[in-house]
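Report on one structure; see the data block that follows.
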Amino acid sequence: MTTTDFTPGPIDRAERVYVAGHRGLVGSAVWRKLESEGFEDIVGRTSSELDLKNRAAVFEFFAEQKPKHVVLAAAKVGGIMANNTYPHDFLSENLQIQVNVMDAAVEHGVERLVFLGSSCIYPKLAEQPIHEDALLTGHLEPTNDAYAIAKIAGILQVQAVRRQFGRPWISAMPTNLYGPGDNFSPTGSHVLPALIRRYDEAVQSGAERVENWGTGSPRREFLHVDDMAAAVFHLMEHYDGPEQVNVGTGSDVTIKEIAETIAKIVGFEGETVWDTTKPDGTPQKLLDVSKLAGEGWTSQIGLEEGLRSTIDWYREHADTIRQ
Ligand SMILES: NC(=O)c1ccc[n+]([C@@H]2O[C@H](COP(=O)([O-])OP(=O)(O)OC[C@H]3O[C@@H](n4cnc5c(N)ncnc54)[C@H](OP(=O)(O)O)[C@@H]3O)[C@@H](O)[C@H]2O)c1
């Protein structure tokens, strides 16, 4: 079966939506978006309440809660260092989480499911900006290939469910995200929150030097997480297709430029040193967002505006955020 019975348009606000990973950067933004849209029955479980690697517990949860729709934003996520050091954990845990959730969602009749992946699914040397068609056309970036393969398997599972059961499930692939609720831990975080923390700590301690990994020349695209949540919700209501949809802004900056902007906002006036013995990762990662634009959505929050509010959030929550 290749067609679904999807009718684009508003989802009934009384229907139950399960946001898997609702305390994370992505899940919490999706939760806020659903609330602001008037959804009255949103459910979530922390990993200590429901470990999604525990297949029996996941099936029990779906049998009890019977969500009508699912946003799958639970995953083991990390930066270059964590991905490079623990490839087995990134592969195995992500496969377990997504297979358990999708299998239970198939069994319990979930109507719409959005699977969240990431732009690292595309080949390291994919033509820029990266179009959805670049999937599986070349070698992956080796530092996060295990994570990427798990995410690619997730896209294939969504496509298989569509073909076999005709459910209007979809996949969305956001670019690098940032915003309130991000992971600012020194070892587990992505580049942008890591830079915010490093520069802010330098200001607080009066340090004269900040050292960053790599050359600073790789180009990256950053999307505010509230924009991402708006895009994902838009797709849930309007998109029905087997192909994953890129979610981004359509423009990129160098890591050096982003570091300079953060340094300016936090008020760091010292020197920045680039440790060129450390890996840079993919040279450029810019998503082609024409498919998303064709579905009627473009990003709203500018980078400097988004950085300022994220830095304000970080400073307000510095004592309580994830370590
Ligand atoms: N951050 C980005 O820049 C970015 C970019 C593109 C795509 N994405 C995608 O978005 C998704 C979520 O990323 P994120 O940045 O929101 O990550 P995150 O902030 O680390 O949140 C991940 C969430 O997953 C949950 N989780 C992890 N392992 C679990 C388990 N075994 N059982 C139950 N829950 C578990 C965590 O729950 P607890 O908090 O309860 O432990 C957490 O809330 C991922 O698929 C990622 O690929 C993220």
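Here the Cβ of each residue, glycine as well, is placed from N, Cα and C on the backbone.
Quick look at what TrEMBL annotates:
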- Tyr147: active site, proton donor/acceptor (ACT_SITE)
- 21-27, 116-119, Lys151, 174-177, His190: NADP(+) binding site (BINDING)
- Arg198, Trp213, Arg220, Asp280: substrate binding site (BINDING)
- 17-248: domain 'NAD-dependent epimerase/dehydratase' (DOMAIN)
- Ser118: site 'Important for catalytic activity' (SITE)
- Cys120: site 'Important for catalytic activity' (SITE)
Recorded positions whose CB lies under 6 angstroms from ligand 1, from Gly24, Ser118, Tyr147, Trp213: Gly24, Ser118
DSSP three-state assignment (helix, strand or coil) for Trp213 (substrate binding site): strand
Diameter of the substrate binding set by C-alpha atoms, the set being Arg198, Trp213, Arg220, Asp280, in angstrom: 19
Three-state secondary structure, Arg220 (substrate binding site) (per DSSP): strand
CB contacts for Gly24 (NADP(+) binding site) [other CB atoms within 10 A, all chains]: 23
Inter-residue Cα distance where the pair is the residue listed as 'active site, proton donor/acceptor' and Gly27 (NADP(+) binding site), in Å: 19
Spatial neighbours of Gly21 (NADP(+) binding site) that are distant in sequence (at least 6 apart) but have CB under 8 A: Gly27, Leu72, Ala73, Ala74, Ala75
Inter-residue C-alpha distance, Pro174 (NADP(+) binding site) and Cys120 (site 'Important for catalytic activity') (nearest angstrom): 10
